[in-house]
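**Student:** This structure is in structure tokens; I'll ask about it shortly.
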């Protein structure tokens, strides 16, 4: 009995652990290896520890990297600003209808996000239902565009990842014991002080989780830039995708993906350190 | 400056409703343009009402195949991930063993890693080992992501359980399997269901990972992506509308059931215990 007891956890972990090893750990290792190889699609690739793949990639696409992180940051800030008031209202004021409002926020996920982005393109297109009439009546100049601009891409990213911010902030606020706010009022805090010194600090772990859940995918996104953006809005995801599929430049594409992963994970790590939240593994998931 | 009659008006409520309206706007556009009587390739301008696209829903066989691929991949990967992820989450919550820290870190990395990087690394591996890309590689990739989510939700649920329930069963002579079947499994079922739901939604909505692991096989989002260059046909809107309607109906049903069970005192107990502990 003691022997099988000791063996039990390994038997439980083995199947899932093996799957994750084969389809996550090994691929990342293979990508790291491929990022140092040289060669081409026809002759194949050979391991030559060609570190120039990294310097070449960063040299050529450094500004694209910066642009992606900038767009990701802008979208994340907009998501916090837009999501916090709504999460606050649903957590404290929505009463019995809480779950209905949450469902309404999640409903967009029942439609593929590629299709939602295509629908935005339809709404915002030059002669579409919004800009068409505005142009015809001379309210906006006839060379006014929304598509192919930074605004369109950042708005699209904000739209796509907003629910990822609302949910964790809501969870953090919902867990908050209302008696703490009452206690603050008993101690002569006005509403602003009670919010700034009780509610806001206690909701920060939720904001933290939301930042990770929006900034990481938004910086790596390429669907919004492809559908809503123009040639000047290219993000690093577009570059990596094109390098893999159009150019077959696997080593450089791998080097860029690996750099992106390293930057984002290092960012999360430093951010977690700076905020001093209890273990980033406790972050609520939707 | 107080107007008692208007006190129920709340700017925050109005704001929340506007935000929800913004989130739902493209879906309304999708539904409306599924009824658009277009004749050219571009479905951008309203040209009149028709039910033509509903009656000719399956007129594009490759689109139908793509939608079916999406559904079967989502169902299969959810089933496989539930089988793989549940024991993993349980072991992480209940047992101390060698490699526990590594397993926890890998789960976090899978969830935190952008889809783009996972897709690119899978493609790198398949290219290196010369594995042909297609339906099985998409399925394997989706199962991997979903396993991490199921394991995480199951672990979160299992950690909050009272171990004395299982000890009581053991004291009453229950051996390992009945103890699991009759005590542990029913208690962790909400965690398993939440993980499975998440797995299904993530798989059916996934574009990026499938983009890198699909080869020439198409799923519904991949088909839409390919069609954006030439013009998305209204059948896509109709399929999107139908999937949306079914999913919303199911979620509403689950929500109604959930709010009923929530009123039972038993399921409220953990929350009040939580409040006391604070």
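Each residue, glycine too, has its Cβ placed from N, Cα and C.
Heads up, TrEMBL stuff is auto-annotated, nobody curated it.
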**Student:** With TrEMBL as the source, identify the stretch among B:143-161, B:238-256 annotated transmembrane segment.
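**Tutor:** Range annotated as transmembrane segment by TrEMBL: B:238-256.
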**Student:** With pairs closer than 6 in sequence left out, are the transmembrane segment (B:12-35) and the transmembrane segment (B:208-226) joined by 3 or more CB pairs under 8 Å?
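**Tutor:** Counting Cβ pairs under 8 Å (6 or more apart in sequence), the transmembrane segment (B:208-226) does not reach the transmembrane segment (B:12-35), since there are fewer than 3.
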**Student:** Give me the stretch from B:12-35, B:105-127, B:180-201, B:238-256 with the greatest number of Cβ pairs under 8 Å to the transmembrane segment (B:71-93).
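**Tutor:** The stretch with the most close Cβ contacts to the transmembrane segment (B:71-93) is B:180-201.
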**Student:** Which bits of the chain, at least 6 residues beyond where the transmembrane segment (B:238-256) starts or stops, bring a Cβ under 8 A of a Cβ in it?
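**Tutor:** Here the qualifying positions are 27, 30-31, 34, 53-54, 57, 63, 67, 204, 220.
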**Student:** Cβ under 8 Å to the transmembrane segment (B:12-35), counting only same-chain residues 6 or more beyond its ends: which ones?
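**Tutor:** For the transmembrane segment (B:12-35), the list is 43, 46, 49-51, 53-54, 234, 237-238, 240-241, 244.
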